[in-house]
Amino acid sequence: MGVVEDTEPPLKRAKRLADEPNGFSANSSVRGSSVNSNSLGDLMARPLPSQGDDETIGSKGVIRKSEFVRIITRALYSLGYDKTGAMLEEESGISLHNSTIKLFLQQVKDGKWDQSVKTLHRIGFPDEKAVKAASFLLLEQKFLEFLKVEKIADALRTLRNEMAPLRINTKRVHELASSLISPSSFISHTTSTPGKESVNSRSKVLEELQTLLPASVIIPEKRLECLVENSLHIQRDSCVFHNTLDSDLSLYSDHQCGKHQIPSQTAQILESHTDEVWFLQFSHNGKYLASSSKDQTAIIWEISADGHISLKHTLVGHHKPVIAILWSPDDRQVLTCGAEEVIRRWDVDSGDCVHMYEKGGISPISCGWYPDGQGIIAGMTDRSICMWDLDGREKECWKGQRTQKVSDIAMTDDGKWLVSVCKDSVISLFDREATVERLIEEEDMITSFSLSNDNKYILVNLLNQEIRLWNIEGDPKIVSRYKGHKRSRFIIRSCFGGYKQAFIASGSEDSQVYIWHRSTGKLIVELPGHAGAVNCVSWSPTNLHMLASASDDGTIRIWGLDRINQQNQKKKLVQGSSSNGVIHRCNGN
């Protein structure tokens, strides 16, 4: 493998209640004439010791039994187990809601809006804004129900005498006032617009009340589910080896994966290239793998349903090493970039070269696709960035002092940002719409970069044997660093991968593949096997347990789980000479 001077931009390298909520007993009643809101608020704030409010369960003593039972009761009702929920309330002596809250909720269900507003104020919530918002919600439903049965005078009185005096949500008051001009049209629009609830949907009112009133008063319907999901997600996120779908999480035991979830066993060795393999990339649909080599060829590999990989096409036509091969957004075509030579576009199905892109007197050293697949971008040897349509017509070409020798280039999925290595230690983020540029300035030479699937992060490989993860939303900032791999002379490429791209993988000059946990930066596994520097790695976007690595030893290793290796141990490793793949020569113009 050739050595590149570190002083030059490289081609391949320089490489929380009382037992009875709110202090009310289950059989108590509250009269507005004898108890004011402040005293009720005090009752809410002071639990009754006789009810055992301070009793806790669990080994750590942080779970109040009354809250725990109420949440279970709420979940039972939500699941439709009404009899079981009622039995739990009776047996435990812990009511889901006190009598006043029960009365309030029933009044809402029955559409007794005046009574429900009065009961709301009797409860004595300390947050006046929340009470006003809840009152507005109840009165709005009252207004809409009058409107639906064409009781226009009653609707107007509700709006003028009850809602407007609250002095909140003025815009909505004006909208409702306008509806009095043509009630039927308003009702029709409200009930027929996608995503809108029917105007008489009292259940919707109850749902919205949950967002306005304290959870200690009206326990959210899905509270238990929310707690359980949060617990599972925390367990998942703290597991550095987690590399399975959420459907595999279980409530029966604490979640903890092992290294067996990380692709760490050689499943196949692909040996069709005759020289160093410099680049490889899985297709977006995960059905293919493409590789390029110093041997001046590129190969398209096909992946079967069981994960076995076989040669599909060998792409011949370049007269210099092929430094990169990139998939079109629809995976129907690939681009290959010859080292300071030409860019060629190939059809995946046939293996034919359908077009060649070049510019007189200068050559490409990097290339990429437009996100819609209808154009090509390239960094050129004369420090310019050129863009062509598929037919080779030049669309844009930036020249001059603004650009440097561009050794890596990409465009975000929305087509807004053009990302390129524009100087030895600088990455340019150019906003094509606003024509403004942001820069990521590193402390050492940048050898390559990779964008995350969501285009919010960029992984940067540096000459000093460090990989840095930058958040590029807003002002760019470093969020993590990865160390351990070896790099001194060559371009080494890294990638995101695994479940929700939770891992970082990289090649290394010591012939190993390195994998880190993305969030913590912890090195979790080193994969030996290659006999030469590992130049590039790619993680399948559809198979969480498939990783590919390209090496100077002329081979591509496919890494999988232990069980995958066992399933394939009797199968012969893929040999280029025994493949049925076809060699294609480029006749593109």
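Easy rule for this one: first residue shown is 1, then count along the chain.
Glycine is no exception: its Cβ is also placed from the backbone N, Cα and C atoms.
According to Swiss-Prot, the feature region 'Disordered' maps to 1-57. The feature compositional bias 'Low complexity' is assigned by Swiss-Prot to 25-39. Residues or ranges marked as domain 'LisH' by Swiss-Prot on the basis of sequence analysis: 64-96. The domain 'CTLH' annotation in Swiss-Prot covers 97-154. Among the features that Swiss-Prot reports, repeat 'WD 1' is placed at 272-311, with the record citing sequence analysis. Per Swiss-Prot, the feature repeat 'WD 2' maps to 317-358. Swiss-Prot lists 360-398 with the feature repeat 'WD 3'. Per Swiss-Prot, repeat 'WD 4' is recorded for 401-440. The repeat 'WD 5' annotation in Swiss-Prot covers 442-480 and rests on sequence analysis. As annotated by Swiss-Prot, repeat 'WD 6' applies to 484-526. Summarising the annotation, Swiss-Prot assigns repeat 'WD 7' to 529-569.
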The repeat 'WD 3' (360-398) - residue tally per DSSP class, helix then strand then coil: 0 helix, 23 strand, 16 coil
Chain residues in Cβ proximity to the repeat 'WD 5' (442-480) (below 8 Å; excluding those fewer than six residues from its ends, i.e. six or more beyond): 6, 9-10, 13-15, 407-408, 410, 412-414, 417, 419, 421, 424-427, 429, 486-488, 491-496, 501, 504, 506, 518-519, 521, 541
Integer mean pLDDT for the repeat 'WD 6' (484-526): 93
Secondary structure composition of the repeat 'WD 4' (401-440) [DSSP: H/G/I, E/B, coil]: 0 helix, 21 strand, 19 coil
DSSP residue counts for the domain 'CTLH' (97-154), split into helix, strand and coil: 47 helix, 0 strand, 11 coil
